[in-house]
Every structure is written in structure tokens, then in C-alpha cells.
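Visitor: The structure is given below, and queries will be raised subsequently.
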Amino acid sequence: MTVAYSLENLKKISNSLVGDQLAKVDYFLAPKCQIFQCLLSIEQSDGVELKNAKLDLLYTLLHLEPQQRDIVGTYYFDIVSAIYKSMSLASSFTKNNSSTNYKYIKLLNLCAGVYPNCGFPDLQYLQNGFIQLVNHKFLRSKCKIDEVVTIIELLKLFLLVDEKNCSDFNKSKFMEEEREVTETSHYQDFKMAESLEHIIVKISSKYLDQISLKYIVRLKVSRPASPSSVKNDPFDNKGVDCTRAIPKKINISNMYDSSLLSLALLLYLRYHYMIPGDRKLRNDATFKMFVLGLLKSNDVNIRCVALKFLLQPYFTEDKKWEDTRTLEKILPYLVKSFNYDPLPWWFDPFDMLDSLIVLYNEITPMNNPVLTTLAHTNVIFCILSRFAQCLSLPQHNEATLKTTTKFIKICASFAASDEKYRLLLLNDTLLLNHLEYGLESHITLIQDFISLKDEIKETTTESHSMCLPPIYDHDFVAAWLLLLKSFSRSVSALRTTLKRNKIAQLLLQILSKTYTLTKECYFAGQDFMKPEIMIMGITLGSICNFVVEFSNLQSFMLRNGIIDIIEKMLTDPLFNSKKAWDDNEDERRIALQGIPVHEVKANSLWVLRHLMYNCQNEEKFQLLAKIPMNLILDFINDPCWAVQAQCFQLLRNLTCNSRKIVNILLEKFKDVEYKIDPQTGNKISIGSTYLFEFLAKKMRLLNPLDTQQKKAMEGILYIIVNLAAVNENKKQLVIEQDEILNIMSEILVETTTDSSSNGNDSNLKLACLWVLNNLLWNSSVSHYTQYAIENGLEPGHSPSDSENPQSTVTIGYNESVAGGYSRGKYYDEPDGDDSSSNANDDEDDDNDEGDDEGDEFVRTPAAKGSTSNVQVTRATVERCRKLVEVGLYDLVRKNITDESLSVREKARTLLYHMDLLLKVK
């Protein structure tokens, strides 16, 4: 039964509770808690004063300190949920009194600030009310003070309950999380963006006359102008565009204008994608100059939102990163923001600076303009000093742990691509001890959770809680792993400072224990598991660098089962969509469905790729015994381009200098047809491979302008390089692939002025040149040109049939594929990034007498004894002539002037060799 309270009683209670936190708590306990039934039942028939009194008292009661909220417990959340779902004031927003709307929105802001993830079903009503209020009142300058502050409170609410995280500056995340909208919500977003733009333009127009660049450029006039004819335009002088200066301070004097501008501009950053490109505010030079002037404002919120507005395009627009001039203007103000106190909740200078460094580390790692600018200041040393102070704290609370995590992340970004910062950080001998302790603490927490999993599962079942919160230090340990990954990129650090078995042991333990979590503790829910799977991916990223050829810890990792752990993961349906889930794993499948695992897959393959770099054939077959070729090929069409890239790069290293593995790969792409031999009557197999067709189609699908897709294409090209290096029969298979030759032509034809399709990438060009090189190099002769001259094949001379009866070419272009081929010796593998090259591998293959027997993927064999070197030379000459016919000779000659030194040198060597072959008659 609802207890009725009069207006006077409500006001009396409200006045008695001001400043008394404990008295407020009493109203959440019986019997006083019955008052909430009255307060939540706001009827349309209630008078304005009664509605306002109920809203005021609700606001007073819910305005509790964190300690008092803990005392109240879940009942506080129940009241918030009831306010969201039971009150009907949102649906009648356009009909309500302006003061009632203001108090209601202010109450919602209080609730959203405490529980930002609590769903609010009536948000669309408030958006419609906001749009109507802006268009019908604000733009016509008819707003009362109550309506202005209501607009401000609405903007705050939209920021709090919006589904996007406004502090996320990572471009890939920004694109992935951009919501799919229906036609209705699409229109709603457009109207929201339009209303926000109207607010921004109306307020900014009041202060545009404050833009002043007179102290930068003198404007020459031909005759004096009367004061009445002078119009302030900061772009009257054409030299202004060339200056790096920022205009004088623009001061927003009106506090309502200041709040409206900062909140509207911040929210506009979320909806601006709805505005056509030519109408966006950031494309308006005058408005951009206005925002630059706001960087010097007295209002911290204005300065912070100006920074966000100016920096966001670097993460959301393709070519904006090239504008380093503007970035150099903004960076000092971003650095200065570290001293702002207090900072608005939606602004994190650590995250912004870290995201900028990461962005340029990916695009221009050797010339990061952010680090270059910071190097001219003492900012980095100040950050390191504060970082050391955080590490020296005897214990951490939630706030200090978050701050320390931010310091670790930004130090990881500093050290990711710059050796001097790695050495600077590693000079602190205690840093690695702190790192090891951070990893050990997380391992202990995981072990404790696994040991208590039965009790925890029972508790979650009884409380009907489907998701547990993540382990409290997940961000902390992830930051340490990122820092370790940055350190491990240094060759000298791997051989000296990081030569600690304990670090490798801790990495393996984290990987193993976290995988056990995914197998046994999936009941904890996605909120718990997502951070742990993210930690798995980062851990594998660090292990990638610890298993490189020159690392002292590679053997330790192998002895302690890194391949076995990866084999378990790659055969798990969670990480391999080609594997079927067992019938008894339905609960696990449902619990973990949708969790992103692409980083784990990509880095697992990357670890194997590094292990297979420059290794013996014996080691390759040991790997394939545990992780067979079929399992590797499961990831060749993965939805994530990064996974595909690592899969092709792994195949590149496996096929290098290994004829057997080349044949295994061809076997996996075989089409076999059985026919009757007309002479003997025996059944024979006619085999062909669709590997090249698959590779050609894959390259056509790839966009080399994307970094990961470019790496995938590079891997494919080097697989073809390795195929062409095996023997004459494999060369013949490659030379017949017209589509692949066309793709190579498209890559080699590009220049700096015409690079629309493939980006004029030097790595892709070099790979194409290596394919051509191996097609034309004699697989069975160590010194091809010397041998040709010794056999009388000097320029202008062609031996007749009488001189050499076996000089005819027996490997035809159009012959059907059949069994058997004459063996050829590998020669001249490229020294590319990950293409392994080992002379001993030739001996390994030569000792395998039965290697080529029954090989289906070769040309029709010549007669016994017809394997003369002249015969092979003839096939090489024919291949060279075909390359000339398709225009590749001209493209090779064109690339001798390429801007890349490696491409120029390879093109010159190849051109010289082709010229020699073309002289053979």
C-alpha cells in the first residue's frame, strides 16, 4: 500500500536531509523505505510543485557518498532501475513544465553517473525532446533559463548513457564498434548531429570576432579604409595558411555558452559521421581556427574538448596522419593538459598521447613525429620520474593502480620503436623485478581462481549471476606485457638484459594458465574472460620476439612446450572455427561465443613463423608432426586479415629450402583423375594442383593499401618464390600462371606518382623480382652464366641437333600433368625478411631418394638420360622469352631507377641475367 505524503511533508523531509548522509541511509531501510513508492509514482495529475518536490527529494536521497551507497547495498540499484523504467516523465517530455524537465534530467544524470551501464529504455523520447527544444526555442533565442540548463543537462545525460566510449582513440576499435543502425535510428542520429551542429555554430558565431592573427602577419592595404568598412576576417591575408601559429586566446565569457559549446562539441564527435563530408565543421577553416583559439581558453573543459576535436581526425580519417604541421601545434597543449586539475571525466591525456604514439609507430616507426617533438622537451623524463615514484609506492589502491598502469602503457609506446627509450628504461635495474612481480601476482590470482572454480561456479549459480567482473589487475598485467613486448624488440636487450629464464617461464605460465581458464572456467562469463583472452594475445606477442633465431631463450621455450601449448589452442574450436565443438561443450560454446580471439590466432601463427625461420628440414617436420599442414591451412581463409597474413608468412618459411614441404603443400590442393594407359592397360593417375589458382584469386581479393593484407600478399609472393626455387618442373608450373604474372606486372608498373592499386610498395616489388629471379635461374647448376659459355652457348651461337642430339626442349608448356620428374637442386633463395636460407637443407633433400617419386605436380618427364644442362638451359631461355612477351622485361628495366635501394639492385642483377639469356639463340 502506497503511503501518501503531502507537499509540505516532502519539503520538510528534504530540508532535514541536506548534509546528513546517515539520515539518508535510514530511508533505504524499513520502515522508512516505503517513501520511495510515493516518490516514484509521479502521475500526470500531480501538480508541478508536487512533481518537483518528489524529484527534489529523490535527488537528495540518492546523492550519497560511496561509503553510504555500500551500506545501502543492492537496494540503491533497485531504486535507480525503477527510476529508469517506471517513471513516465520522458514520454511526456515535450508537455512537461521546463523546471520539471530540468529536475528530472538532473536526477537521471545522478543515476547514470553511479550506474553508467544501466539501460535507459526511454532515451529516444529525450532525444526527440532535445531536438524540438533546440529547433523551436534555442535557435530562435526564445529559451528560458530553465530550458537552457535543461539542454545542458540533456547533453550531459547523452554523454553518460551513449553506447560508445568517447575516450577511445584507437582507430581500428572506432571502426569496429561503429554501430549498425536501422533506418529509424539512422534518421534520429542525423537529426541529433544537425541539432548539435546548430548549437555549435550559433554559439561560436558570437565569438568569431575574437580570432586574431594580426601579430603574425602584416596585412598590406593600398589605401586607408574607413572603420565602418572593415570586416574582421582572419583569412584576409593569404599568408595565414602557411603559418604554424595559433591565434590569440578566445575567451567564452558566458558560463551557459561555455557549457553548451563544450558539451555539444564533445557529443558532436560521436554523431559527425552522419553529416556529409563537405558540411563537416572540421572542414571549415574559420571554425578550425576558432577551435585552435580555444586551446588557450581559461575554461579547462573548453581546452580539453578543443584537443579532442582537433586530434580525433588523426584516428578516423585515412590521410590525416600526414598533417604533422598541425600536430606539432597541438602537442604542447596536450602535454600541458597533464597539469590540469581537475580533469573532466571524459578526457584522458595519457590515452590521447599513447594513442598518437601508437598510431605513428604503426605508420612511420622510424620517424615518429610525436616522439621527435617530445624529445625536444623534458616531458619524457618527467613521465619516467613520476613512473618511478608510482612503482616505489609500498602498496596500491584502485587509483594508484590505474595511474601506474597508464604510465606503463605510455612507456611501452615510447619503447616500441625507439632503441634509446628501451635502453633508458632498462637502465633501471629494478624495473624488470617489478615486471616479474606483476606477472607473478596475476598468475597467483588465476591459480587461486582455478583451484576454487567449483565453489565459485556454485555461488554464481545460486545468485543467478551470469557474469563475474574481470580480475582487478587485468589492465595492469596487460600493460606490463606490452612493455615487455617493446623491450623484446631490441636485439641487444634479448641477448643481455632479457636473458632471464624466469621471464620466459612466467610467459609460458600465463599462457598455459589463461588457456586453462578458457577450458575450465568459462562459466565466469564474457566480462571475466575477454580481458584474459586479450592477455593471452599480448603474451603470445611477447613470446614471438623471444623465439626468434638469435634469442637465447628460444631453446628454453621449445624445451618447455611452447609448441604443445599452441597446438592445443589451434585445435580448440574457440580459436579454430574449422573444428567442430563436442556435444558436451555446448555450455562453453555459448558462454564464450562472440569473444574476439583473432589476436591469439595471429600471434600463435607468428610464434610458429619465427620458430621456422632459417631452420633445418628436420625441425620443420618435427613441427608438422605436432601441427600438421591441414591444421595450418585451416587459417588460410580466416575472417581476420592479420591471421591470414601470419598463415601465409608461416607457409613461406616452411616451404623455403624444403622440396618435401612444397610437395606436401601442393598435395593439399590437388585434383586427381584416374585414366587407363592405352599402351599398357594399367590405371594411371593424372594429377593437377589448384594451388596457383587459389593464390591468384587470393591476391586479387587483397588490398595492399591495408597493412595486414599487404603482409598476406607478400607472404603469397614468397611462397611462389620458394616454389620456383625447387626445380625445373616447379618453375614450369609457375611460368604457366598467367594471372599471377599479370598481378606481378601490376605491382612492378607502379611508381611514386602512380600508386593507386598497390601503394608502390618496395617489399612487394622485391618479392616479384625474386619470383622472376628464381624462374630464370638454373636449379641444377651453381654458376649458370659460366656454364652456358663453357658449353658453347655464347651470344650468337646455337648448337645444331648434330652437335647435341638432346638439345631440344622436352618440358612443354601445354603438356598434361603426369607422374614423375627429374630431380633438381635448389639454388639462390632470397634473403628476405623471413625467407629462411640454409645451405645444409640441400643435403637434406638430396639424401631423400624417394622424395620425388610419384609426385603428381610436375611436367611430363623426358626420356632416360635426357637431363643435359643444355636442355635445362633451353627451358630457361623459353621462360625468359615468355616474360619478355608479357612485358615483365620492360618492367624490370623500369625498376632499376626505383626509389628503394634493394629493388634497384635486384632489378639490375635480374636485368643483366635476362639480357644474357636473350642473347642465346
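Our numbering is plain: 1 for the first residue shown, then up by one each step along the chain.
Glycine is no exception: its Cβ is also placed from the backbone N, Cα and C atoms.
According to Swiss-Prot, the protein carries these features:
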type: COMPBIAS; residues: 829-855; note: compositional bias 'Acidic residues'
type: MOD_RES; residues: S226; note: phosphoserine
type: REGION; residues: 822-867; note: region 'Disordered'
type: REPEAT; residues: 491-530; note: repeat 'ARM 1'
type: REPEAT; residues: 683-725; note: repeat 'ARM 4'
type: REPEAT; residues: 729-777; note: repeat 'ARM 5'
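Please go over these features one by one and say how buried each is and what sits next to it.
Guide: In terms of DSSP secondary structure, the repeat 'ARM 1' (491-530) contains 33 helix, 0 strand, 7 coil.
Helix, strand and coil residue tallies for the repeat 'ARM 4' (683-725), in that order: 29 helix, 7 strand, 7 coil [DSSP].
On the 0 to 100 pLDDT scale, the repeat 'ARM 5' (729-777) averages 89 in this prediction.
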Visitor: Give me the DSSP three-state residue breakdown of the repeat 'ARM 5' (729-777), ordered helix, strand, coil.
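Guide: Secondary-structure breakdown of the repeat 'ARM 5' (729-777): 33 helix, 0 strand, 16 coil.
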